[in-house]
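Annotation source Swiss-Prot lists disulfide bond at Cys25-Cys75, Cys34-Cys58, Cys50-Cys71. Per Swiss-Prot, domain 'BPTI/Kunitz inhibitor' is recorded for 25-75. The signal peptide annotation in Swiss-Prot covers 1-16, and the record cites sequence analysis as its basis.
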Amino acid sequence: MTFLLLLVSVCMMATGEERTKRDVCELPFEEGPCFAAIRVYAYNAETGDCEQLTYGGCEGNGNRFATLEDCDNACARY
């Protein structure tokens, strides 16, 4: 019984983490209110591609990746 409970808990955590990754990819890109002009990549859910954009350096959301590879790895469609 304890093993079953542990197994279910692990599965729920893994599913929740995967859902969170997809949720981040569905967010619109937010450049934030600052003016740092940092080149980043964000996933565009409408086109299904990662795009290079300019991030202001503060606030924004999780749809922001340092490299194209990071963006592709996080947001590749299944």
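Any Cβ shown, glycine's included, is placed from N, Cα and C.
Overlay of Swiss-Prot annotations on the structure.
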residue: Cys25; record: disulfide bond; Cβ neighbours (10 Å): 21
residue: Cys34; record: disulfide bond; Cβ neighbours (10 Å): 13
residue: Cys50; record: disulfide bond; Cβ neighbours (10 Å): 24
residue: Cys58; record: disulfide bond; Cβ neighbours (10 Å): 11
residue: Cys71; record: disulfide bond; Cβ neighbours (10 Å): 23
residue: Cys75; record: disulfide bond; Cβ neighbours (10 Å): 22
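Cys50 (disulfide bond) falls within a strand segment according to DSSP. The disulfide-bonded residues listed here (Cys34, Cys58, Cys71) include Cys71 as those with a Cα within 10 A of the Cα of Cys25 (disulfide bond). Spacing of Cys58 (disulfide bond) relative to Cys71 (disulfide bond) is 19 Å (Cα to Cα, whole number).
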